[in-house]
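Worksheet for the structure shown next.
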Amino acid sequence: MDEDFDIPAADEMNDEFMDDIEGPVSLKVGEEKEIGNQGLKKKLLKEGEGWETPESGDEVEVHYTGTLLDGTQFDSSRDRGTPFKFTLGQGQVIKGWDQGIKTMKKGENALFTIPADLAYGESGSPPTIPPNATLQFDVQLLSWVSVKDICKDGGIFKKIVKEGEKWENPKDLDEVLVNYEVKLEDGAVVAKADGVEFTVQDGHFCPAISAALKTMKKGEKVVLTVKPQYGFGEKGKPASGDQASVPPNATLQITLELISWKVVSNVTDDKKVIKKILKEGEGYERPNEGAVVQVNLIGKLQDGTVFIKKGHDGVDPFDFKADEEQVIDGLDRAVMTMKKGEVALLTIEPEYAFGSAGSKQELAVVPPNATVTYEVELISFIKDKESWDMNTPEKIEAAGKKKEEGNAFFKAGKYLKAVKRYEKAAKFIEYDTNFEEEEKKQAKALKVTCNLNNAACQLKLKDYKQAEKLCTKVLELESTNVKALYRRAQAYINVADLDLAELDIKKALEIDPNNKDVKLEYKVLKEKIKEYNKKDAKFYGNMFAKMTKSSANKPATKDAEPMTIDSKA
């Protein structure tokens, strides 16, 4: 707006109600509606595009014409031929503008009737705007540049100057490739670099860059306004190499472009198998347990020694069945997270590689306790048949097969692998409403066996709550199953639910009085109960002793009587 249109400064504005009006206001062309409760009115002259509206902090560009209620025009950007730009919600314009333009879409044209309290109030803006004047503005929202307070504390404002692709943002572990330029407020260039690669969580140059990258899309370019707390604070930064110094308490302006990034993720919860995607795969499907996969791979030690190479230099690709222990555990797990055509770099610690024993491989020996890397390309895979693709006899057969695999793993002491097999077996036959009577009997027997064996695994793994749940499932099918009562009692004992354990053991002995295992467990339970009773007696004895001592040491008064224990208690 031109010089005679006096815009109140931000510190002169009353910020009450500033953020109450956000988002589009539903209007038909020609319809007028009050916005909020302070008398601001909006009449829609032309529909806008899409559904988005600008927010506080965004840099908006508008054309407008301002008139008094009698039609007298006092200002117009259209007459000057230059759109007006300002930052929304920062008190750079009258409150009626800040509130009204937040409701507009791109390209929208609206007539705002703004009461004096949201315009120039009692003083007006001489000589063009009289005191207590209600104003009308014909406003067209041409465009806006989104400016976000990304840390919600005013420390980093991000203005997007080039939109990115898709919707994903880099995460802490990801390796990003960026261009950036850093300037001081006076425009002096502090640092500039192209094609810099680093891990987001490790950061680069100053904390603001990592914080901003986690909000950016591939190809996005932004300008960051960075306050000292996300720059170099009170100390500033001395000059080094080709980078200039940063003064203490300096606000920085950083132009940052996210060229691309490599997704890095933890394959295992303990972060001992890490996957970095070097090339994105196709589609969304991944191999399941039992899938036949074909890969090209190169396995290396940390010093670069190659110990296996498949699918390169004339060697055929490598085929194996996922989750069948045909390869090391880390490679097995990682391949099941990959898509067809994906290329990934895996870093696998000894626990998921060749362990403390090491291994003699085709091209070199992997020493004990070695961390290894694999570059893997998933060429193709054929998924193992899922339960929904099977008929009933196939489901029962598949459940039986998985049960036998679980038994083999249990005998080998590989309880986690056994658990996975028992769980998968139970899922094949979980929904049996459409089974024939004979098939239901077979399915029930398999459910009982799989859940009982799974409970035995959970006891070995010390997951007593899960063991209890599995035994309860069995007892819902067979209320007199002695093994289920026995194993649930073991679970209860280990979590100190001794009363519940005693109920299960007594019921098991009623059903099978001569069961040696149950009798032995009853002895264990009785010892536990004795132990807990002794602890309780000692605890309460000490407590009463302290209370008696405290009472004895307390001076006698007319109102205070010595504490006694009610003999009837």
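Residue positions begin at 1 at the first shown residue.
A Cβ is built for glycine as well, from the same backbone N, Cα and C atoms used for every other residue.
Quick caveat, the model's predicted, so the values are computed rather than measured.
Annotation comment: TrEMBL describes 556-569 as compositional bias 'Basic and acidic residues'.
Confidence annotation: the domain 'PPIase FKBP-type' (57-145) carries a mean pLDDT of 94 in the model. The feature domain 'PPIase FKBP-type' is assigned by TrEMBL to 57-145 (among others).
Annotated domain 'PPIase FKBP-type' per TrEMBL: 173-262 (among others), in sequence order.
Residues or ranges marked as domain 'PPIase FKBP-type' by TrEMBL: 290-382 (among others).
According to TrEMBL, the region 'Disordered' annotation covers 549-569.
With a threshold of 8 Å between CB atoms, the same-chain residues lying at least 6 positions outside the repeat 'TPR' (482-515) that come near it are 452, 455-456, 458-459, 462, 464-465, 467-468, 471-472, 474-475, 521-522, 524-525, 528-529, 532. Marked as repeat 'TPR' by TrEMBL: 482-515.
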Checklist entry - DSSP helix, strand and coil counts for the domain 'PPIase FKBP-type' (290-382)? => result 10 helix, 40 strand, 43 coil
